[in-house]
Amino acid sequence: MTRVISGEPQHGDLAPADRALRPQTLAEFVGQEQAKGNLRVFIEAAKGRGEALDHVLLFGPPGLGKTTLAQIVARELGVNFRATSGPVLNKPGDLAAILTNLEANDVLFIDEIHRLSSNVEEILYPAMEDHVLDLVIGEGPSARSIRIDLAPFTLVAATTRAGMLATPLRDRFGIPIRLEFYTPAELRHVLQHAARKMGAPLTDDGADEIAKRARGTPRVAGRLLRRVRDFATADGADRIDRKAAAMALARLEVDESGLDSLDRRYLRAMIENYGGGPVGVETIAYAIAEARDAVEDVIEPYLMQQGFIQRTPRGRMACGKAYLHLGLTPPAAPPGQAQGALFDEG
């Protein structure tokens with residue numbers, strides 16, 4: 001599912017020009033003030049003691065800077081950075097090869113750690129806790145177990161689905177950090193910084209217009225800025241002001257609340273096909289022809305955070321804000337429910 005407002009990484013996000021926009025230090029990293037403040041303390045303490053930083057779990061919606069923060073942690077510590085991801089670690093040997101090549105206090109970054117297979121996860125436990133690797137060599141009666149000592153290291157893991165982590169794995173992270181959606185003011189700062197590096201003629205009100213439609217996500221803000229710049233160049237505009245940004249975003253079908261055609265299709269299906277809910281995630285995913293994981297990880301987090309939908313024990317329900325956004329009249333509150341509950345943004 002490729003959407004200009006998706007927080008998931010896309011091919012264009014990996015271009016050298018885009019990587020050059022990423023902050024290199026905690027001081028340059030905009031937003032996530034509490035997370036940055038705590039990380040700064042933990043990093044300085046580890047450096048002062050000459051020890052490896054405790055293991056870090058970064059979790060939250062996609063596009064908020066988990067990978068960038070992991071790289072910054074290694075840079076601030078002054079150690080090597082090695083990156084991999086859960087889906088590519090198919091066998092214990094894959095992870096063992098990485099762990100045995102780490103130097104003292106290095107940072108190992110595992111993205112999408114919730115997708116780590118159970119047999120790989122099991123050898124990670126003693127590695128994280130005791131800095132040892134327990135491997136079984138051979139099969140059957142001739143199989144034998146060997147133990148390999150590892151250099152102390154820091155595992156920085158990222159996930160959009162912390163609830164899927166096994167409790168023993170989750171409990172081994174001494175520094176759990178949740179990343180939150182950005183405010184429009186923070187995104188404006190991100191956009192202005194990116195525009196300067198790109199040489200894009202972005203005005204303050206143009207930055208505000210993009211920021212309010214960027215779904216609280218820096219990755220989305222950067223992608224929208226690049227697309228808006230493309231339209232401005234094609235139209236011969238000498239600057240990207242509010243009017244130019246709004247026109248470009250309208251052509252991209254991104255509305256003033258940051259919703260695109262898929263978001264609106266999701267809300268419309270819930271309201272028109274299922275009376276506003278409650279409806280199960282499998283049902284709504286089938287109705288809009290999208291995978292359940294995409295619905296849960298990409299579509300729903302922002303809709304819930306903005307109060308368009310809510311989860312209940314019986315399924316998803318549309319809030320009053322969703323009806324109004326689509327130009328529809330919200331239904332009356334059912335007997336025994338206060339009218340205000342219909343507009344509950346939980």
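Note that Cβ sites are derived from N, Cα and C of the backbone, with glycine treated the same way.
Taken from Swiss-Prot, the feature ATP binding site applies to LEU21, ARG22, GLY63, LYS66, THR67, THR68, ARG172, TYR182, ARG219, supported by sequence analysis. ARG219 (ATP binding site) has a Cβ environment of 24 other Cβ atoms inside 10 Å.
The feature Mg(2+) binding site is assigned by Swiss-Prot to THR67. Its Cβ placed at the centre, THR67 (ATP binding site) has 19 other Cβ atoms within 10 Å.
In sequence order, MET270, GLY277, PRO278, VAL279, GLY280, VAL281, ILE284, GLU300, ILE309, GLN310 constitute the residues six or more apart from ARG316 (DNA binding site) in its chain with CB-CB distances below 8 Å. ARG316 (DNA binding site) falls within a strand when secondary structure is assigned with DSSP. Annotation source Swiss-Prot lists DNA binding site at ARG292, ARG311, ARG316.
What Swiss-Prot lists as region 'Large ATPase domain (RuvB-L)' is 1-182.
Taken from Swiss-Prot, the feature region 'Small ATPAse domain (RuvB-S)' covers 183-253.
In the predicted model, the region 'Head domain (RuvB-H)' (256-346) shows an average pLDDT of 84. For 256-346, the entry in Swiss-Prot reads region 'Head domain (RuvB-H)', with the evidence type sequence analysis.
Sequence-distant contacts of ARG311 (DNA binding site), defined by Cβ-Cβ distance under 8 angstroms and a gap of at least six in the same chain, are MET304, MET317.
Recorded residues GLY63 (ATP binding site) and ARG292 (DNA binding site) have their alpha carbons 19 Å apart, per Cα-Cα distance. Between the alpha carbons (Cα) of THR67 (ATP binding site) and ARG292 (DNA binding site) lies a span of roughly 24 Å. Of the residues the record lists as binding DNA, namely ARG292, ARG311, ARG316, the two whose Cα atoms sit farthest apart are 15 Å from each other.
Same-chain neighbours of the DNA site beyond ARG292, ARG311, ARG316, judged by a C-beta within 8 angstroms of the site's C-beta center, are, in sequence order, GLY280, VAL281, ILE284, VAL295, GLU296, GLU300, GLY315.
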